[in-house]
Amino acid sequence: MTQLIDGKALASSLMAKLKNSVAQQQRQITLAVVQVGDDPASTVYIRNKHKACEKVGIRSLHIHLEGDITSGSLLDTVHTLNSREDVDGILVQLPLPSGIDEGEVIRAIDPAKDVDGFHPINIGRMMLGEDCLLPCTPAGIIALLKSNGVDINGKECVVVGRSNIVGKPVAQLLLQAHGTVTQCHSRTRNLAEVCRRADILVAAVGVPRLINADFVKPGAVVIDVGIHRMADNTLCGDVDFDSVKDIVGAITPVPGGVGPMTIAMLMQNCVRAGHCGN
Ligand code: GUN
């Protein structure tokens, strides 16, 4: 029987623990979410982050700026949040409007408040295996594997995708957990063949249902990071779930797999940033 890796259940148990730890704190923990413009997907993501904050007992601020704001004003906003003692975590929702340099904005965030784990200082610390704020989706994937009894040590891990947010950092975390890691991308030759080597396959490509029965080895553990709304309004991942479900050993559903874990890890990062004091 194929095991369904339930991200929703693990996320809600983590959130319950975080709620307890927040309740024991003397100080209010605060997350500031900066939105630039009105990208509809960003609006939905931000709403979900605010709801999660409410569940855990974290105060959330929504700083909503006009889409035509200058880089300078956005950077001023970030600097102000850096210096506010009542703000523990800062998240600038991506993507930013064209014309704004995302890297410059991320670098402006105080690394101690960088709850996305996107600042080069945090990425560098992660590469060195140091304690730091980790990117939420990759950290959520590792937590899902560990809590579902998947041993990474010595396993063939194949990551499809090389984004800064998911592909690169998840490959690094799998390596630190002693996996043998192969990173694939759009130029990889014989992608299906490489994927079939995987004991643990992470699909973070952004192509609906790319990974089908040709790409999986019997018994493999499949983590699907993609989430796509199709023309018929249904959601699907980067993995063709129905095609692989009777072959693989375990798989995350979409929705209800990686998505809820990303938010739970964001809440965990907010609590950590709060504990560290700023
Ligand atoms: N846009 C899509 N995913 C993310 C994320 O994890 N963090 C931020 N800041 N923006 C995003």
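Glycine too: its Cβ is placed from the backbone N, Cα and C atoms.
Among the features that TrEMBL reports, domain 'Tetrahydrofolate dehydrogenase/cyclohydrolase catalytic' is placed at 5-116.
Mapped onto DSSP classes, the domain 'Tetrahydrofolate dehydrogenase/cyclohydrolase NAD(P)-binding' (135-273) shows 50 helix, 26 strand, 63 coil. The domain 'Tetrahydrofolate dehydrogenase/cyclohydrolase NAD(P)-binding' annotation in TrEMBL covers 135-273.
Look at TrEMBL and you will find GLY161, ARG162, SER163, ILE227 tagged as NADP(+) binding site. Residues within less than 8 Å, Cβ to Cβ, of SER163 (NADP(+) binding site) and separated from it by at least 6 positions along the same chain comprise ALA204.
The local packing around ILE227 (NADP(+) binding site), expressed as other Cβ atoms within 10 Å of its Cβ over all shown chains, amounts to 16. The domain 'Tetrahydrofolate dehydrogenase/cyclohydrolase catalytic' (5-116): residue composition by secondary structure is 57 helix, 19 strand, 36 coil, according to DSSP. Within 10 Å of the Cβ of ARG162 (NADP(+) binding site) there are 17 other Cβ atoms, across all protein chains.
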